[in-house]
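Chemist: Can you read through this structure? Questions will come right after.
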Amino acid sequence: MAAITPSWALETTADGEVKEKTSGPGGQWRALNVGPDLIRSLLIRKFKTPTPIQRAAIPPALSTPPRDILGMARTGSGKTLAYLIPLLQRTGSTHHGQGPRALILCPSRELAVQIYTVGKDLARGMNKGKGKGKNKNEDEEDEEGKGKEGLRWALIIGGEGMDAQFEKMSSNPDIVIATPGRFLHLIVEMHMDLRHLQTVIYDEADRLFEMGFDVQLQEILHRLPSTRQNLLFSATLPSSVAEFAKAGLVNPLLVRLDAEQKISPDLALKFFSVKPGEKEASLLVLLREVIGKPNQPEPADPSSAPQAIVFVATKHHVDYVAELLRTTGYRTSLIYSSLDQVARQQQLAGFRSHQSDVLVVTDVAARGLDIPIMDHVINYDFPAGPRIFVHRVGRTARAGRKGTAYSLIVKEDFPYLCDLHTFLGTERMGEPADVLRSLPIEQLSENVEYVFHNLDETAPHITALRNVMRKGQGMFERSRTKANPTSYRQAKSLASALSNNPPRIDDMFEDAMEVEVNEEKARLLAKVAAFTPSETVFEVGKRESESAIIMKKRRKTVDERQKRVSKAEAEKSTASGMEKAPVKELPAPQLPSKNFKDPSFYLDHTQRGAEAEKGYSLKSGVESLSGAITDMTADEGTGPKAQKASQLSWDRKKHKFIKKNGSADGEKMIKSESGALLPASYSSGKYQEWKSKRRHMPDGPVEALALGGGRRGRHGPPGQKRKAEDGDGGEDAGGKGRKDQGKSKGTGKGKDDFKQKSPGKPGKKGIKQSSGLKSAMDIRKQREIAQKRKEKNARKPQKFRK
């Protein structure tokens, strides 16, 4: 495996250094072997210069034979185009109709929609570029009206109707963009053939290969051809390719750019130390400073209005914070994973079009979303891992723009702040004690009073949401991953340091004089909070009593004795150290000495960059522990019985024990081709039901492809028995032939269902039900009956007749 960064990937594009091959418009793209139609589409969309990750990833992806690539670059560096350009170059711009040729897997629906939009827009420019430079054959085809069709794209995500996705996949799309769960559902339901697949792209690969998508990816990868090309991209990728062994990589090229610089240099980080009861007030103070006061008149240009993304821990936090901000006066959108797909799209579209000021989300929107002109990100709840923090703050400071990330830190978050400091480094972040700031006390107290008193009276439903949020917060704190043990020790020292010297107020709030006054208030409040009385509770109010005087004298005597003992121990340790010290260790004039240690041949006790790689790693402590667990078989006869009994559960409807079919919660499971257990709902027969409905509709291009060229004629292949269909008694029908139709018993002239066939006698083959397609005679008779009823109902009653 090659872990290199090509030198040409880091070259600058300064004036005068461009070679002849890269001269002219799009010359730098031509140097990467990008086709002219694709270059034209890129230039139309103002992509004139490739980014470093694009320079490093595109040439090996277009090489012959194509190489597997693991690409890592910071957020906002153009990773989407780094894999879309080679993909469009290989698939071309025309539809082949042989099934999917490329698959893009994404961990979230919003990211899939974004890639779908960017890819179709880029391919549309390629199709428009085909109008120039046609050859004779293409001119003849255009004259005959047989022009080639453009690429077909399919977006397969959860939360949407299955029938529409059946139709998309039946039309044999060229490029499929999907989330793993829904795509696996369609694969199993439709028995999809993926042998023509050439390229598989894993966007946000570290998230896809975590434990949450393990079963889905295992089954999808089992059905993919072994000759495919794999492209894995993310902003946080570990250097160990062994963590992606399931992807089936062959001689992969690892491209890691900006590995030392995990986040954008244009991103400013601000950390505020707050108390748990002041988080809501702190959020309002930040929003008022960042966005402005609520209920302000809309500016003339809505696109220039500032916006902010607020990241919270759970969906209960989303509901509470969003309702709090709405009540305060901010236009707010919200997104979380269990929200309906239509609602998610509407909320995100409203935020993109500046119909809302604040977007409150969980980590579902922390990856890949590219929201233009996003300058502010607020971490209401601090993330439990450095990778999540990198993806959260990566929503701002993208494509050369500047941005700011604000984080609210409570005392319980100090270990995770120390973890982040170890991951980013002191040069980028600074020491935790130095970077922590505080908010103005007066503004905090005003907003605390507003949230917990005024709002509770005017909006009592917020109190109920707050109680639900607190329960969710407790569950979140118990379930989130633990920080490094070293970080807990650092957090204790950080907390003690802040108790003696509280953090100063950030410069973004007030001028110098007011800041000094507020800092004096903060120091005074910190001293009051840290004050511990020397008297016990039993001595309060009894200073002149005899017992209080005795206790005071006793305490004074003990304090003086402790001071004498500590002073004697310090003098003794100093004297013993001087007595035992040899002559050569006594203080002597220091001469300049030479250090002969060669840093290039010096071995540290830890590997360089080990902490950063630990932050990038996909396996948490829980996953590593689960991999070390071994199930043991019982060594006596009662063991198997107990194991078998544990697989049974009581069914309250059937009033008996039933066997669980694989799932721990009793959900029915089926075994796939790879041996994995999947929910039985993945093979529910919905596709066959949809197919049976479609086969009686007029044959179009989609139906013809879905049914293998349309409906067959009356005569099937030789030797095959003809089925009973359309009311025609075939060889498999219950009757003897066409003469026996309609002679079943139980029909009468006065009945509307006299054409319905009898199910037949028990023990014999019954006549099969009609497939639903009526003959011309049936339609004519049905119309006659309907007309007679209409005429009968239209007649006037006898008493009104003349």
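For all residues, glycine too, the Cβ spot is worked out from N, Cα and C.
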Chemist: For the record in Swiss-Prot, which of the ranges 15-18, 203-206, 315-318 is the motif 'DEAD box' one?
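Modeler: From Swiss-Prot, the annotated motif 'DEAD box' range turns out to be 203-206.
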Chemist: Under Swiss-Prot, which of the candidate ranges 27-55, 375-403, 491-519, 520-548 is annotated motif 'Q motif'?
Modeler: 27-55
Chemist: Under a criterion of Cβ-Cβ distance under 8 Å and sequence separation of at least 6, what residues of the same chain contact LYS79 (ATP binding site)?
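Modeler: Those within reach of LYS79 (ATP binding site), by Cβ under 8 Å and sequence separation of 6 or more, are ILE53, GLY71, ALA73, ASP203, PHE233, SER234, ALA235.
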Chemist: How about long-range neighbours of the motif 'DEAD box' (203-206): same chain, 6 or more residues beyond its ends, C-beta under 8 Å?
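Modeler: Cβ under 8 Å, 6 or more out: 70, 79-80, 83, 104-108, 111, 115, 232-234, 236-238, 244, 247, 367-368, 387, 616, 618.
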Chemist: How many helix, strand and coil residues does the motif 'Q motif' (27-55) contain under DSSP?
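Modeler: Tallied per class, the motif 'Q motif' (27-55) gives 17 helix, 0 strand, 12 coil.
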Chemist: Quick one: give me the count of other CB atoms within 10 A of the CB of GLY76 (ATP binding site).
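Modeler: Other Cβ atoms found within 10 Å: 22.
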Chemist: Using the Cβ centroid of ALA73, ARG74, THR75, GLY76, SER77, GLY78, LYS79, THR80 as the reference point for the ATP site, which residues of the same chain not in that list have Cβ within 8 Å?
Modeler: THR51, ILE53, ALA82, ALA235, ARG398
Chemist: According to DSSP, does ALA73 (ATP binding site) sit in a helix, a strand, or coil?
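Modeler: ALA73 (ATP binding site) sits in coil per DSSP, no helix or strand.
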Chemist: Within the compositional bias 'Basic and acidic residues' (777-788), how many residues are helix, strand or coil going by DSSP?
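Modeler: DSSP composition of the compositional bias 'Basic and acidic residues' (777-788): 12 helix, 0 strand, 0 coil.
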Chemist: DSSP secondary structure for THR80 (ATP binding site), reduced to helix/strand/coil, please.
Modeler: helix
